[in-house]
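Okay, structure first, notes after.
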Amino acid sequence: MGDPLVDQAFRDGRVPEGITKDFLNESRDGSAIAAIAFIFAASSIIVIIRLLSRGFMVKLLGFDDALAALSLLLYAPFVGLCIKLIQIGSGRHYEYIQHVMTMPVVEQSEVLDFVAHLIYTTSLLVCRISGLAFYHRLCSQHNRFMIAIRVTAGVLVAGYLPQMCLIIFHCLPVTALWPYDWQPGVERYSCLAWGIVYSVNSVISLFCDFLLFGIPIAMLRMLRMQRKQKIQLACILLPGILVIAISSARLALVIQGQWEPDMSWAYNPMLIVEVAEIGATLIALSIPGIKPVFDRFILRKDISGSTDRAYYQNESGNSGGGSRGQRDTKLRSLRNTHTALDSQENINGPVSSVERMHKDDISLSSGDGIVVRTEFELAVRQDVDGREKGARVRESAL
């Protein structure tokens, strides 16, 4: 079935010779809208499961969870604008935009594209910061990682500012329009090329993705664990590689959309990739949060143990660094461990050597389903009077 707008354009004599109805009726709008809807639905379900898992199973919602929810709220209007842009013909052949779409509709598409990419850029920033907040909570006791996370946060914000400025000030005087050279009134504006602006923004976005998902790679290299455990942890922390691939695809499509004659034909795939970029980032950063649900309902594991709950409560204090509450929690944990050990070994009389109670290996599930192992090594020295001379504790967390 033909597009009635194409028929009307032919009746009005707006289509030059050499352009056929069949060519102008070509469309990939339906498949593009279906792909965008599927990606949005899948990523929304994952994020909602993450929030429910953290809120009702772990009973500990963090700052990273709040940012993920905010990113999802920004993601929804961006998806809506993408669908609207497709519906009005922004992803059809360039000749369709020039000869079939009316000038008010062309201007509407330019304004919607302008607003959509402001939301897109902001949503990606919030999503990435939520990932850094998750890393911050996971590595709060590791100074080098903390410095790297803070530097990365500064780079993300520093990259966001020129991205927004390029979109807002793409034309002087400032306008939401991005006029084609055949649009009336184009002479009033001095504008950067659409492809240059979005190519620069895509390069910045790709660099930010490398930084964001490079941190888990560094974590895996520095953590001391068996190879099998590293592979399991990598499956949780490294799906961001897919995000980097998607970000690279967006850069290629932007270049194609600017410097090929039929520039608008690549617009629908670019919108799909942009929706997928946000969605994949949300999914990659939410996988650790949905692991408790997977463990409980798929693997049928009991995650309601007292040690798990104790760790969740202790985790909430990690954000305070060296706060008094955190130190008190650690001291209580050490006393409880020492009491349990002492109940198993009765120490009577003087001891001439060091008694080591080694590897009281407690496996704790983090709030994101990542296994953390804490190894206590307690050395108790006693003098001839049986008085305790000192104790030493070694704690190593993965």
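Using the three backbone atoms N, Cα and C, a Cβ is placed for every residue, glycine included.
Curation does not apply to TrEMBL; its annotations are automatic.
TrEMBL lists 32-53, 65-86, 114-135, 147-180, 192-219, 231-253, 265-290 with the feature transmembrane segment. Marked as domain 'Rhodopsin' by TrEMBL: 49-295.
Using a Cβ-Cβ cut-off under 8 Å and counting only residues 6 or more beyond its ends in the same chain, the transmembrane segment (32-53) has close neighbours at 61, 65, 68-69, 72, 75-76, 79, 82-83, 86-87, 91, 268-269, 271-272, 275-276, 278-280, 282-283, 286-287, 289-290, 292-293. The listed stretches are 65-86, 114-135, 147-180, 231-253; of these, 147-180 has the most Cβ pairs under 8 Å to the transmembrane segment (192-219).
Each of 65-86, 147-180, 231-253, 265-290 was scored by its Cβ pairs under 8 Å to the transmembrane segment (114-135), and the highest score goes to 65-86. On the 0 to 100 pLDDT scale, the model's mean across the domain 'Rhodopsin' (49-295) is 89. Sequence-distant contacts of the transmembrane segment (65-86), counting only residues of its own chain at least 6 positions beyond either end whose CB sits under 8 Å from a CB of the stretch, comprise 29, 32-33, 36-37, 40, 43-44, 47, 50-51, 54-55, 109, 112-113, 115-116, 119-120, 122-123, 126-127, 129-130, 133, 267-268, 271, 274-275, 278-279, 282, 285-286, 289.
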